[in-house]
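Participant: Quick one: this structure, given as structure tokens, is what I'll be asking you about.
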Amino acid sequence: MDHEAEAHRTDLMTITRYVLNEQSRHQESRGDFTILLSHIVLGCKFVCSAVNKAGLAKLIGLAGETNVQGGSKRKLDVLSNEVFVKALISSGRTCILVSEEDEEATFVDPSLRGKYCVVFDPLDGSSNIDCGVSIGTIFGVYMVKDKDNVTLDEVLQPGKNMLAAGYCMYGSSCTLVLSTGSGVNGFTLDPSLGEFILTHPDIKIPKKGKIYSVNEGNAKNWDGPTTKYVEKCKFPKDGDSPKSLRYIGSMVADVHRTLLYGGIFLYPADKKSPNGKLRVLYEVFPMSFLMEQAGGQAFTGKQRALDLVPTKIHQRSPIFLGSYDEVEEIKALYAAEENTA
């Protein structure tokens with residue numbers, strides 16, 4: 001290995017170093033967020049290890065319980081939820097947690113409380129575990145006004161109030177994508193070091209894309225604007241080439257591809273799910289936050305996604321997110337329908 005390659009190998013930007021550098025830019029910072037993030041990262045490493053060993057360790061399969069969404073809990077879901085709840089509480093920096101797996105919010109014991117609220121889906125896309133498809137953890141972080149008198153209202157904030165959001169994808173590699181409100185960066189877990197290394201600095205989504213990502217099995221139940229947009233993707237009338245359909249069925253994997261390559265991810269409302277399918281707090285908001293930070297847009301069919309004010313912790317919403325121009329097209333179709341109504 002030549003000297004230049006060796007220097008590159010040893011001068012690594014780890015996620016801890018990155019966050020400490022960000023912290024040093026804010027003189028008022030006391031390091032609380034850095035500590036919180038280190039516990040989130042630890043949870044991601046643990047779950048990554050468990051996912052990789054799932055088949056051998058008999059973690060695949062049903063655990064005999066059901067979660068608040070009505071789905072049967074898979075063993076890895078249960079384990080992942082326990083890991084993140086314990087990691088977040090033990091950080092001493094959280095006061096309230098909302099998990100996709102738990103019906104009620106978790107209020108942290110006053111002796112361990114900090115100033116942050118964390119919303120998370122510990123293992124999104126877990127129905128794909130058996131076939132080896134990429135799955136992931138999604139999280140968002142808010143700050144509360146008064147950690148000693150925290151209420152559920154602290155969680156029911158619009159997404160634009162988030163301090164940070166991210167996801168960790170467990171696939172051919174373990175990739176953590178993070179935004180602390182000043183751009184988006186991607187880190188890949190180096191198994192030999194046990195550290196997340198900066199591999200995708202300052203991610204920017206292309207302004208236009210050639211890929212659309214949607215479950216077309218629901219097409220017969222879609223509304224007019226969604227149907228028109230997808231038809232235009234497949235049969236463009238302006239001489240352009242049709243867009244390619246790519247749909248994995250794991251939100252983390254589909255959004256990750258959209259973020260890197262451009263295009264649009266759609267999970268619209270339909271007759272079967274008039275309020276949409278994805279949960280606002282720990283799916284729609286974190287992914288919308290990341291998209292906007294990367295130069296894209298996120299839209300619910302009625303408004304900017306991050307302006308939505310949730311009223312319930314497991315509230316659902318339609319979502320269209322991705323490249324700026326693609327989401328702009330969807331917005332124009334909804335506006336046109338509203339004008340003719």
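Glycine residues also receive a Cβ, built from the backbone N, Cα and C atoms like all the rest.
Just lifted these from Swiss-Prot, have a look:
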{"type": "BINDING", "residues": "GLU100", "note": "Mg(2+) 1 binding site"}
{"type": "BINDING", "residues": "GLU100, ASP121, LEU123", "note": "Mg(2+) 2 binding site"}
{"type": "BINDING", "residues": "ASP121, ASP124, GLU283", "note": "Mg(2+) 3 binding site"}
{"type": "BINDING", "residues": "ASP124, GLY125, SER126, SER127, ASN215, TYR247, TYR267, LYS277", "note": "substrate binding site"}
Participant: For GLU100 (Mg(2+) 1 binding site), identify the closest of the binding-site residues LEU123, SER126, ASN215, TYR247, judging by Cα separation.
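Facilitator: Answer for the nearest of the binding-site residues: LEU123.
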Participant: For GLY125 (substrate binding site), which residues of its chain lie six or more apart in sequence with Cβ-Cβ distance below 8 Å?
Facilitator: VAL133, SER134, ILE135, GLY136, ILE248, GLY249, SER250, MET251, VAL252, ALA253
Participant: Going by DSSP, is GLU283 (Mg(2+) 3 binding site) part of a helix, a strand, or coil?
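Facilitator: Helix, per DSSP.
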Participant: What does DSSP say about the residue listed as 'Mg(2+) 1 binding site': helix, strand or coil?
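Facilitator: It is coil.
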Participant: How big is the Cα-to-Cα gap, in Å, between TYR267 (substrate binding site) and LEU123 (Mg(2+) 2 binding site)?
Facilitator: 19
Participant: Would you say which of the binding-site residues SER127, GLU283 has the most Cβ atoms within 10 Å of its own Cβ?
Facilitator: GLU283
Participant: Other residues near the Mg(2+) 2 site, CB within 8 A of the CB centroid of GLU100, ASP121, LEU123?
Facilitator: ASP77, SER80, ASN81, SER99, GLU101, PHE120, PRO122, ASP124, SER126, THR137, ILE138, TYR282
Participant: Select the closest residue to ASP121 (Mg(2+) 2 binding site) from the following binding-site residues, measuring between CA atoms: SER127, TYR247, GLU283.
Facilitator: GLU283
Participant: When a 10 Å sphere is centred on the Cβ of ASP124 (Mg(2+) 3 binding site), how many other Cβ atoms does it contain?
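Facilitator: So the Cβ neighbour count for ASP124 (Mg(2+) 3 binding site) comes to 28.
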